[in-house]
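A.B. asks: I have a structure here, written as structure tokens, and I will follow up with some questions on it.
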Amino acid sequence: IDSMNECLSNPCKHPEARCIDKPGDYLCYCPRQWTGKSCDIHDPHSRGGYGSPITGVYGQNLGLTLQELDLALQREQCVKLGCKEKQGDHHCDEDCNTYACEFDSNDCSLGINPWAHCTAPIKCWEVFMNGECNEACNTQACLFDGRDCQ
């Protein structure tokens, strides 16, 4: 049994990062524009989230997969940004134009969720037009990965 809480040493370097204790390890949930295992790398293009690739299930207390936890933490950020109050004001709020924030209630689009029929095993909206070909997203329903595969 792992009784050590790796988060007690404050391994997440950014003050807005959230630490999640794992057996013998930790995960940092980074704010936007920060990445790296300890959220110590500034990247203006980073959407935030986990600083390093993750696998498995985080089930000790919440019974959630890490992907579900990631979405829950993103939705928490939407609340902090006041995205619900900004929805439907016919003004595109880029910080709220994410899946977790319901795409700013379509204020930034033509009134549709463009990935509604995308069934790829990865979040294609997060890798869309990032300059790397993601074959799983290279379908009509997933908007051909923003033509990254051409």
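In case you wondered, yes, glycine gets a Cβ from its N, Cα and C as well.
Found this in TrEMBL, in case it helps:
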type	residues	note
DOMAIN	3-40	domain 'EGF-like'
DISULFID	C30-C39	disulfide bond
DOMAIN	78-117	domain 'LNR'
DOMAIN	118-150	domain 'LNR'
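In terms of burial and nearby residues, how do these features look in this structure?
C.D. replies: In the three-state DSSP scheme, C39 (disulfide bond) falls into the coil class. Taking the Cβ of C39 (disulfide bond) as centre and 10 Å as the limit, one finds 26 other Cβ atoms among all the protein chains shown.
The average pLDDT the prediction assigns to the domain 'LNR' (78-117) is 82.
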